Amino acid sequence: MKMEMGLVFLTVFMAVMSSTMVSAQSSCTNALISMSPCLNYITGNSTSPNQQCCNQLSRVVQSSPDCLCQVLNGGGSQLGINVNQTQALGLPRACNVQTPPVSRCNTGGGGGGSTSDSPAESPNSSGPGNGSKTVPVGEGDGPPSSDGSSIKFSFPLIAFFSAVSYMAIF
């Protein structure tokens, strides 16, 4: 009887967590779809973005900047789009739109937060010997890289495997 109640609880928990994640993913999907005017530019088929693209980029930066990280982290492939990383990183500069630093995409913060600290638009000057405290966005000759890596697991998946492991023991 305990095992059956545990399975019922686990099933309900998984359903609730999955629906929450789908909701968050669909809001980003909608935000990314709204940026369809940028497709020619970020896929490398155009050398400059059009005004409609820049307007949409500005809207997404204001409403859900964390969704932009999905494009940089390979989210475009989920929509069947091959994103040119160099073009995508150059889009804010080409549109003259301030964005959060790309470094925020690899942290738990997603990319949210204030857009006023974008190094592309407001570089900080530092005194001699202090060094720069800015992170360049979309600059450099080579492809974007990261010194760190992360593996993303969904909480429901971890909970499921934990519950299955627990039930297998007892």
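Each residue, glycine too, has its Cβ placed from N, Cα and C.
The model shown is predicted, which means the values in this text are computed figures rather than measured ones.
What Swiss-Prot annotates here:
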- C28-C69: disulfide bond (DISULFID)
- C38-C53: disulfide bond (DISULFID)
- C54-C95: disulfide bond (DISULFID)
- C67-C105: disulfide bond (DISULFID)
- N45: N-linked glycosylation site (CARBOHYD)
- N84: N-linked glycosylation site (CARBOHYD)
- N124: N-linked glycosylation site (CARBOHYD)
- N130: N-linked glycosylation site (CARBOHYD)
- S146: GPI-anchor amidated serine (LIPID)
- 105-148: region 'Disordered' (REGION)
- 1-24: signal peptide (SIGNAL)
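Here the features listed in Swiss-Prot are placed on the structure.
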| residue | record | contacts (Cβ under 8 Å, 6+ apart) |
| --- | --- | --- |
| C28 | disulfide bond | S64, D66, C67, Q70, G75 |
| C38 | disulfide bond | P49, C53, Q56, L57, L91 |
| N45 | N-linked glycosylation site | L39 |
| C54 | disulfide bond | A94, C95, N96, V97 |
| N84 | N-linked glycosylation site | I42, T43, G44 |
Would you mind reading off the Cα separation of C105 (disulfide bond) from C69 (disulfide bond), to the nearest angstrom?
5
What is the number of other Cβ atoms found within 10 Å of the Cβ of C95 (disulfide bond)?
22
By a simple count, how many Cβ atoms lie within 10 Å of the Cβ of C105 (disulfide bond), its own Cβ left out?
21
